[in-house]
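As structure tokens, the structure follows; a few thoughts come after it.
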């Protein structure tokens, strides 16, 4: 919360544009967040910062210890800083910056007669191009570490684990609150329900079950990924001394490999993507079930055979995978996008609203932008249902177009990395031009202007509602 002390009437210690409440330490508004992932917990901290009462319900029994790495760009960090100093402090404690001022894009497929498994040149391979990353300004970290830091910053009792949402009621035409029912038979109530429950959001499923059933569940993109977090020494052995310390993308036909350092350059996050023509069959072996699991057992030998013709450094990375790596199906909502992110007193954020493939590496960052926009809107609202609805609609108005663009562009970017995007193919010049334009849309975003637009739209809706009832 903040405003510059150089401005007339500024509050000491608060930056320009901060949302400052004048009606006490806490509002009468209560918010229930379903889903305790990165976006849900960041939103909770942002609401607490604005004096809003919040409860988070997470289906997992405890904090997951999945060693998945991911990265945040500069726009996401600006959103964190404005959400709450506690969010920014959390990421600063666990993240590391890219060592060099550019990202590297490599031909991971084409071998040459000079290639030798043990040579430095072989591990380096053919550089297609470098792109300056000062604008993207990546910070990388382990998901579990960042989440744990944010959880510790929340007031005790804010998060309840082991709570899986079964259903909810939003009696908008009455004065009753939104009521949540959990699978263990317990209930809860709040003025607002926010679904931050990810790809297979239970809140999304109920919100659109009758009106738009086709959007209730995401669709398989025919890409599967395999993840590994490996020691830096192993990565240096596989790729040489330089590559592991920077964002690297190895491109090629029907597959691509992303790697970048995490944990203060002690570890390297490796993500291998492979395109498959066949439908997704999950670990149950049943492709007909309506909501398949997103993971299934993998086989390193199958992957090694699939990439046997790729360059040595890529094969070396694949060798670092466990013998039975988990295969993660890549699902998104590109085929059936949700028509809106809020109705009544129920809203969706992050993957629950706009599940995207990970090829831009921006899904979590866009979710944090969502969290800021929603925290600003709800931080201005009262417990009155018209005020809540106005806040949620202001959030929807500001966030919908940008986040829907991400879904489409990320899917296309996955094809660009695999040399099959129409009109681009494997041409490095065209690949670079495509990526530069898309990345500019991601980083060239004014989060302060976004927050101000949320305020303006909220106030306009409240004024319109008030006028209509006079």
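In case you wondered, yes, glycine gets a Cβ from its N, Cα and C as well.
Owing to the predicted nature of the structure, the values given are computational and were not obtained by experimental measurement.
Among the ranges 7-27, 28-48, the stretch that Swiss-Prot annotates as transmembrane segment is 28-48. Counted over all residue pairs in 58, 71, 143, 351, 364, the record's binders of FAD, the longest Cα to Cα distance measures 23 angstrom. Annotation for residue 58 (FAD binding site): spatial neighbours 35, 36, 40, 159, 160, 161, 162, 163, criterion Cβ-Cβ under 8 Å with sequence separation of six or more. Restricting the recorded positions 71, 143, 227, 364 to those with a CA within 10 Å of the CA of residue 260 (active site) leaves 71, listed by sequence position.
Counting every protein chain shown, the Cβ of residue 351 (FAD binding site) has 27 other Cβ atoms within 10 Å.
Counting in whole angstrom, residue 351 (FAD binding site) lies 19 from residue 227 (active site) by their C-alpha atoms.
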